[in-house]
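S.K.: Here's a structure for you.
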Amino acid sequence: MSNSPADSALVRAARGLEVPRTPVWFMRQAGRSLPEYRKIRQGVAMLESCRRPELVTEITLQPVRRHGVDAAILFSDIVVPLAAAGIDLDIVPGTGPVVAEPIRTAAAVEALRPLDATDVSYVAESVRLLLPELGATPLIGFAGAPFTLASYLIEGGPSRTYLKTKAMMYGDPQLWHTLCSRLADITLTFLRVQIDAGVSAVQLFDSWAGALSEADYREYVMPHSTRVLSGLADAGVPRIHFGVGTGVLLEAMGEAGADVVGVDWRTPLDRAVSVVGPERSLQGNLDPAILFAPWEVVERETRRVLAQGRAARGHIFNLGHGVMPETDPDVLTRLVELVHSV
Ligand code: 1CP
């Protein structure tokens with residue numbers, strides 16, 4: 001077992017197969033919590049760094065080397081395919097993605113062009129450089145789901161309330177569905193590029209879908225995420241579907257076509273199992289803020305997550321959301337050792 005990425009603990013747990021130990025990786029494991037990341041990123045803008053395969057390779061490998069995690073996640077961003085499709089946007093330090101001309105009209109939606117695989121050839125190249133370096137460690141590819149991408153395009157940047165997003169969703173459902181349908185096409189192309197280049201699993205990030213009720217999620221969002229996930233059903237790699245604050249959406253997010261449902265820290269994994277059912281695995285869900293508590297607390301909470309995860313057909317240990325930049329990387333390394341020892 002585990003001499004190829006396709007037979008790794010991560011892929012096996014995602015499929016509900018037996019594993020020698022619970023696989024663990026961290027969302028945002030490559031990033032500002034690592035001094036070696038901060039150093040190598042000096043003087044290179046975020047989007048530019050995503051377009052340099054040698055840099056992507058090095059940054060993607062950093063947390064694997066340092067922490068001994070069971071998977072790498074490609075260093076990129078959910079807005080990379082949008083920029084590649086011609087949208088004028090930037091990732092502003094301390095803020096996040098900022099869109100020069102937010103998309104709020106039919107004309108703007110019409111102007112959104114499809115993504116061609118050649119627009120993101122640097123992503124395929126990065127995956128190809130990474131595979132021999134990673135050996136048996138699986139590489140996770142990812143993309144943003146239509147709702148989360150739409151929220152950045154319509155708001156023009158990060159938002160707390162999603163007011164403009166919801167204004168379009170409720171006020172002009174036809175335009176909303178046209179936009180999300182185009183975003184689903186972009187996401188599907190972006191994920192296929194990564195799968196064709198050799199990633200072993202994919203994660204669809206619908207980080208902000210938790211802003212919606214279940215009924216609205218099912219009506220306005222789920223058809224588009226389902227098209228993405230079901231479009232990859234025969235691609236041969238497990239599909240992880242994640243969002244934050246999605247306690248009431250877990251059932252629908254599983255139904256959308258996920259092999260693994262990602263759960264944030266608010267919903268205990270044993271409760272998530274009773275909602276998601278026995279046909280899917282779970283990923284999660286230690287509160288990233290717990291890593292700032294004394295080690296005894298980290299250990300107690302980690303053991304609780306692992307115990308609750310046993311209710312699932314397969315469990316991939318992760319945080320409930322991304323690593324915070326202020327996190328002590330040594331705590332992450334110790335956490336990986338703990339998960340492997342239980
Ligand atoms: O200069 C920097 O270092 C900027 C910080 C940063 C980093 C390291 C951003 C800006 N993106 C990234 C990389 C990134 N983004 C990864 C790398 C792989 C890894 O996990 O190690 C991934 C998976 C993402 C995906 C991403 N980008 C998501 C989904 C995951 C999540 O956190 O929910 C989202 C919502 C984004 C948008 C984004 N990009 C960057 C920021 C600060 C944000 C969030 C802004 C907001 O609050 O809305």
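Any Cβ shown, glycine's included, is placed from N, Cα and C.
Just lifted these from TrEMBL, have a look:
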DOMAIN    23-32  domain 'Uroporphyrinogen decarboxylase (URO-D)'
BINDING   ARG28, GLN29, ALA30, GLY31, ARG32, ASP77, TYR152, SER207, HIS321  substrate binding site
SITE      ASP77  site 'Transition state stabilizer'
DOMAIN    140-156  domain 'Uroporphyrinogen decarboxylase (URO-D)'
S.K.: Do any residues at least six apart in sequence from ARG28 (substrate binding site), in the same chain, have a Cβ closer than 8 Å to its Cβ, and if so which, in order?
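M.R.: Non-local contacts for ARG28 (substrate binding site): GLY322, VAL323.
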S.K.: Cα distance, ASP77 (site 'Transition state stabilizer') to HIS321 (substrate binding site), nearest Å?
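M.R.: One finds 15 Å between the Cα atoms of these residues.
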S.K.: Around ASP77 (site 'Transition state stabilizer'), which residues of its chain at least 6 apart sit with Cβ under 8 Å of its Cβ?
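M.R.: Listed in sequence order: MET46, LEU47, CYS50, ILE91, PRO97.
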S.K.: List, in sequence order, the same-chain residues at least six positions removed whose CB sits under 8 Å from that of ALA30 (substrate binding site)?
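M.R.: In sequence order, TYR37, ILE59, THR60, GLN62, PRO63, ALA72, ILE73, PHE75 meet the Cβ cut-off.
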S.K.: Among the binding-site residues ARG32, HIS321, which residue has the largest number of other Cβ atoms within 10 Å of its own Cβ?
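M.R.: When each Cβ's neighbours within 10 Å are tallied, HIS321 leads.
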S.K.: For TYR152 (substrate binding site), write down the residues of its own chain that are at least 6 apart in sequence and whose Cβ falls under 8 Å from its Cβ; none is a fine answer.
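M.R.: Once residues fewer than 6 apart are set aside, TYR152 (substrate binding site) is near VAL79, LEU82, LEU89, PRO97, VAL99, PRO158.
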S.K.: Report, as numbers and ranges, every residue of the chain located at least six residues beyond the domain 'Uroporphyrinogen decarboxylase (URO-D)' (23-32) whose Cβ falls under 8 Å of a Cβ in that stretch; write 'none' if there are none.
M.R.: 8-10, 13, 38, 59-60, 62-63, 67, 69-73, 75, 140, 242, 316-319, 321-323, 325, 332, 335-336, 339-340
S.K.: Largest pairwise Cα distance, Å, within the listed substrate binders ARG28, GLN29, ALA30, GLY31, ARG32, ASP77, TYR152, SER207, HIS321?
M.R.: 23
S.K.: So, three-state DSSP: helix, strand or coil for ASP77 (site 'Transition state stabilizer')?
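M.R.: The three-state answer is coil.
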